[in-house]
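J.: This is the structure I want to talk about, given as structure tokens.
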Amino acid sequence: MSKKRLHEIAKEIGKSSKEVVERAKSLGLDVKSHASSVEEADANKIASSFSAGVTKNVQAGSAKDKQVAEQKAKAAKATTPQPAASKAAEKPAAATQEASQPVAVKPKSRNFKAEREARAKEQVARRQAGQNRSNDRKSDYRQLGRSQGQQTERAGHKSQNQQRDRRFDNRPSSGNNRNDGHRQAGNRDKNRSFNANSRQQDIGRQGQTQAGAPKIDFKARAAALKAEQNAEYARQRESRFREQEEAKRLEQQARQEAKAAALKAQTEDKKHREAPAKATEPAEPVASMAAAPVAKPVDKRRKKQNRPDKAHDRDHGLEDGQKKNKKSWNSQNQVRNQKNSNWNNNKKNKKGKHHKNSNTAPKPVTERKFHELPKEFEYSEGMTVAEIAKRIKREPAEIVKKLFMMGVMATQNQSLDGDTIELLMVDYGIEAKAKVEVDEADIERFFTDDNYLNPDNIVERAPVVTIMGHVDHGKTTLLDTLRNSRVATGEAGGITQHIGAYQIEEAGKKITFLDTPGHAAFTSMRARGASVTDITILIVAADDGVMPQTIEAINHSKAAGVPIIVAINKIDKPGANPERVISELAEHGIISTTWGGECEFVEISAKFNKNIDELLETVLLVAEVEELKADPTVRAIGTVIEARLDKGKGAVATLLVQQGTLHVQDPIVVGNTFGRVRAMTNDLGRRVKSAEPSTPVSITGLNETPMAGDHFAVYADEKAARAAGEERAKRALLKQRQNTQRVSLDNLFDTLKAGEIKTVNVIIKADVQGSVEALAASLLKIDVEGVRVNVVHSAVGAINESDVTLAEASNAVIIGFNVRPTPQARQQADADDVEIRLHSIIYKVIEEVEEAMKGKLDPEYQEKVLGEAIIRETFKVSKVGTIGGFMVVNGKVTRDSSVRVIRDSVVIFDGKLASLKHYKDDVKEIGNAQEGGLMIEGFNDIKVDDTIEAYVMEEIIRK
């Protein structure tokens, strides 16, 4: 069943919500307010209870309404100079009502909704009556041309006419006269007739009307209905007025009691402070103050409403509905004003002097609190006067005045420089200190700040060991042996392409290993590994000895200041000579402890797992000597070992935690990127929730791929991390723009010279960030005179369509290192004729790019003299030219060779041969000591004894 709210029921039956709520409670329904809902049956029950009560009240109140109407009529007949008589006439009525009810009836408000509905019904009835009259006129016009012989049919339609007459009973009597006139006109014009049946019915209806149908006095009926409505309205107004008066009386009574209690408390308080003789004086104001807010406002308003020359005279000519509406509006204002009567009294009292009866003492003036000046003031450049005043608890006007006395014109919103602030603080006697601004975007401060770590929480951490050495000396094989796996066979060409970070456990202690590439291209990666390591294991093959990358690794380790453990590998080979390795390393400052040095030497065989335990024991011994400590309680900081772009995970970074503990969901800034640690995996590929110091982990959740070697730091919240990351990215972009060189007078010639150098544009895409760096650095080091490499773009990830579009626009070659192009990118590259080179070994990339650079140069040619000939005779042929007969004196003369005409050791002409003949035959060449004839293109001034030198231009192959 549907439910209804009480205010909807009140709206339907024309009652107030309060009455409906009270009636529902009296019927036993569980309701709380007008917004409560009841069932349909309960709603009908409430409505029926009101309808039953209304009929009783209307019958009971009809006699009272008659008395009220008679009293109003008597008051209207009385003249205006007799107001006393009208008041005397009103008093008996009031007396009778007071006799029946305890509170005087004072109807001031009406049910406007019911009045509007009644007026709307009357208007609808009037419109219907007007339509009926217009229909009667139309039907009367149709009566033209009726004959008297049709009256016999009227009796047959008598019943129908009687039913129709009931709808037209309210027509005025003047309409009959008009109908008579029309009927006479119809007798004069009988020829214009149509629709005979309708005319007969209309004539029968008029005859019935003329027969004297009973007329209803609508005015009397409307007056009776209005009297009933007024009686109902009066009853409702009486009940509301009684409720309002009762509530008002209770409210005023409570207010008087509260004020009396307050005044009594004040009186008792004064009794303790004043003399005993004056203890009884405050008794009089209590009564006056208690009576004041009740008597005065009510009397004033009643006199104002009963003035006969104002509203009553102005509303005398208005209609009943308008007049009642205006009274109701005034009554609502009266109720509102009576509720706020005390507020008005207080307002009036505030305008003038204090009330005579009020004995409240004036409020004492609150004295401003005096604040001590601070001893120190930490300021920042650009502080305003208002900010300084707030900090030192002084008025801005006071500071402005002091500045004016110092000769500085300033307002409270004006910024001050540091010197002015210091002078102002000296005037106040405060020690001024400049605030040290902390750069939140600076990650390096976490690594250099000694106060970042808590000495009480320092614990021992695992050592970070970097394995370094020359290419194919067994670095990855050693690490593979330590991890008991076989990833070494997966390296392309036996070369480690990027850093691998792994952690093993030996004798209950953990050791973190970093595997670095040994190729010359990975210098930056070796330097990066040495910067984050604690111990360096230098792998040297016993059969190869010290190699260039071995020396480089030694230099990196010395620069980082880390201890070096030398592992002489491949001692199982027949040509192994460990003593030669020890002596070669001694030449570079790596001296064994057996020779009195500081470096530990261990002879191992990574392939056959020989002396590996001894190597690990040496690592733990050196780590114990180094006393490696860390604080796991602080926010994590560390270094990026490697970074790559995964198709499904996005940016993936391999981090080495150096201090603190890294947790999942930590807000982090990595280099110029930022994000939140979404997932974290260890070296075994298992997900972990935290990473302690010296632990390598791979994380996801960064907005971009960071650079390998960047530092990272965990921030307090994501907002701070985002701000720091964006600021670092902005600074990096600004630095990159500043590195762009502009043409000036100083470097104009260098720029012009550089424009003559040819460039090979390349786009590098690799699997990890370290490989990208190594490739770019290696290609830039290629030295070919007149050609240089321009790296247009480098990034990690697969070759995509945007790379192909960029390569087409910049005429570049795409180099993919351990990556492949997407199908869409390959299709677009074929369509745009873009060259994509895919490689997995770095030195093959370098060789290929070097060949491309050499082919980019313009070919160089070298002149090669083929032979010489002397002109013995000339023949001039018309329309052909001059033919020179010659004899080859040295070498040969070929048909496609170029020739020089030399006369008296001076070159007269240099050009091509037009023809070469031996007797009458065209030949390709004429050898030594042979004769022949020739013609030269564009030259006919051949003379006897001229020397003809034949030569060709040969291309020089670049080395």
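In case you wondered, yes, glycine gets a Cβ from its N, Cα and C as well.
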J.: For the annotation region 'G4' in Swiss-Prot, which listed range does it cover: 569-572, 709-712, 857-860?
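T.: Checked against Swiss-Prot: region 'G4' maps to 569-572.
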J.: Give the range, chosen from 411-414, 483-486, 515-518, 555-558, that Swiss-Prot lists as region 'G3'.
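T.: Based on what Swiss-Prot states, region 'G3' spans 515-518.
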J.: Using Swiss-Prot as the reference, determine which range in 469-476, 821-828 is annotated region 'G1'.
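T.: Of the candidate stretches, Swiss-Prot labels 469-476 as region 'G1'.
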J.: Of the residue ranges 494-498, 594-598, 724-728, 734-738, which one carries the region 'G2' annotation in Swiss-Prot?
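T.: Checked against Swiss-Prot: region 'G2' maps to 494-498.
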J.: Take the compositional bias 'Basic and acidic residues' (234-258) and count its residues per DSSP category (helix H/G/I, strand E/B, coil), listing them in that order.
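T.: Once the DSSP states are binned, the compositional bias 'Basic and acidic residues' (234-258) shows 25 helix, 0 strand, 0 coil.
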